[in-house]
């Protein structure tokens, strides 16, 4: 009992600076908000009231291994990207903690795989219900650690929870097969069995949804997981762990090992090379994905990867301009351009080019508002860090130096070092960085083209192929282009394509496998053929 109280006290001390207006003090059974004025500068205190009522149980700073909250030997700071201020100190796990988490997950797997599909389904449903009950607090955590506008954070929490709901239902639909063989005295059976422990490595841009999309499928299949969240956004993963525990998910089934950027490489290598891990699921950059593939190759592990993209957004002459602009706004500026399926280059046919650029610029000026994610009306929050801002800035400067024209935006925003103005460029050519390097920011470069063949050639020149979009009112053209685009997902007259019911993934160097949909659970299942003779 003394140990438990000490752990809670450690958590309280660490969270004393966590989230403005939500200072915590220990008490038996958990953490409660402390009284007194909100700490920190006025820039942070301006939204302190929105966090003051946050559930203390969801503000976790330790690792979650084997059903227990465990501190690490060191901690690392998590920063608010809007102000740069430290939100709190989180356990900085290393190789030792990573291996302990894998061991806990393996021991739990030996029990979890025997749990009936109906019971697994019920537990995932309880987890989903708890997410819905706590959706406001979970959304505020996302906004605090990622800068995402609160309205979008609420949307992510619902999207995230829906994966648990979906896979709670899919858990009961894992069917095998019977194959008739030429021999009359034999029967062939095909069983689907859970693959084992899955190492799950997730990004910062969707700190909740990228976890449940993977973990929901894994747990539904009968696998257990070790989650290494992005160092920028560990609080969401830890809050999910608390709710998983409350839902009755057995100890060791869901484990979380946060770590700093300094430790990320060795922790990632430790869990991906551990012989007790059978599966690796990763969302992140193509460069990191290739490193993890190398780790997986040494022991031939199953791998799912959702990597970088360079999504083309094509507007043909037959397109409805207003519809295309609405799709462009949704596709490009969600999460301030920091999504893997954001349109990266806009290919606009000559006949409609000027009308589209004019309408797009007007829509940007009218509808986009840069600000702190907690401020009502904000549509564009900060980028995750200054390095991300520098990348956008570099691409804009490169394009302008080579002849591109800034229609609107084009520079850092006065709000702070992590803010950049929503930017529209025209007169863009294919020799510019922004056309062959993923931006991950609020930059929309427009390339003028003449023929359908030219647009397809530009779009397919990339060595990645996650998503693509195009707008056309020509039925024959729609079929041709949809089939010819070398991407895993296509939006036809639609800028928002993600859905829990549909398979998410790419081709070429954008990844392996699919997540979500009825196909997502197959990534965590092995096929076993059983030949039954002597009948």
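Any Cβ shown, glycine's included, is placed from N, Cα and C.
The feature active site, proton acceptor is assigned by Swiss-Prot to 306, with sequence analysis given as support. Residues annotated as NAD(+) binding site in Swiss-Prot: 202-204, 228-231, 284-289, 306, 438-440. Summarising the annotation, Swiss-Prot assigns disulfide bond to 340-342. Annotated N6-succinyllysine per Swiss-Prot: 126, 135, 184, 265, 402, in sequence order, evidence recorded as similarity to another entry. For 126, 265, 365, 411, the entry in Swiss-Prot reads N6-acetyllysine. The phosphoserine annotation in Swiss-Prot covers 499. If you look up Swiss-Prot, you'll see 205 marked as site 'Transition state stabilizer', on the strength of similarity to another entry.
Features as recorded by Swiss-Prot, highlighted on the structure.
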residue: 184; record: N6-succinyllysine; contacts (Cβ under 8 Å, 6+ apart): 535
residue: 228; record: NAD(+) binding site; contacts (Cβ under 8 Å, 6+ apart): 98, 199, 200, 201, 202, 256, 257, 258, 259, 264, 267, 268, 271
residue: 231; record: NAD(+) binding site; contacts (Cβ under 8 Å, 6+ apart): 76, 78, 204, 258, 259, 260, 261, 264
residue: 289; record: NAD(+) binding site; contacts (Cβ under 8 Å, 6+ apart): 282, 305, 307, 511
residue: 306; record: active site, proton acceptor; contacts (Cβ under 8 Å, 6+ apart): 282, 283, 340, 466, 504, 505, 506, 510, 511, 515
residue: 342; record: disulfide bond; contacts (Cβ under 8 Å, 6+ apart): 309, 311, 331, 332, 334, 335, 439, 440
residue: 365; record: N6-acetyllysine; contacts (Cβ under 8 Å, 6+ apart): 408
residue: 402; record: N6-succinyllysine; contacts (Cβ under 8 Å, 6+ apart): 429, 431, 432
residue: 411; record: N6-acetyllysine; contacts (Cβ under 8 Å, 6+ apart): 393, 396, 420, 421
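Comparing the modified residues 126, 135, 265 on other C-beta atoms within 10 angstroms of each C-beta gives the minimum for 265. Separation of the C-alpha atoms of residue 205 (site 'Transition state stabilizer') and residue 286 (NAD(+) binding site): 15 Å, rounded to the nearest whole number.
A gap of 15 Å separates the Cα atoms of residue 286 (NAD(+) binding site) and residue 265 (N6-succinyllysine). Residue 202 (NAD(+) binding site): 26 other CB atoms within 10 A of its CB, across all protein chains. Within 10 Å of its Cβ, the residue among the recorded positions 205, 286, 439, 499 with the fewest other Cβ atoms is 499. Secondary structure from DSSP puts residue 342 (disulfide bond) in coil.
Here residue 499 (phosphoserine) is compared against the modified residues 126, 135, 265, and the shortest C-alpha distance is to 135. Between the CA atoms of residue 135 (N6-succinyllysine) and residue 126 (N6-succinyllysine) there is a gap of 14 Å.
Here residue 126 (N6-succinyllysine) is positioned 34 angstrom away from residue 265 (N6-succinyllysine), judged by their C-alpha atoms. Mapped onto three states, the DSSP output places the residue listed as 'active site, proton acceptor' in strand.
Annotation note: residue 365 (N6-acetyllysine) sits in a helical segment as assigned by DSSP. Other C-beta atoms found within 10 angstroms of the C-beta of residue 340 (disulfide bond) number 25, with every protein chain shown included.
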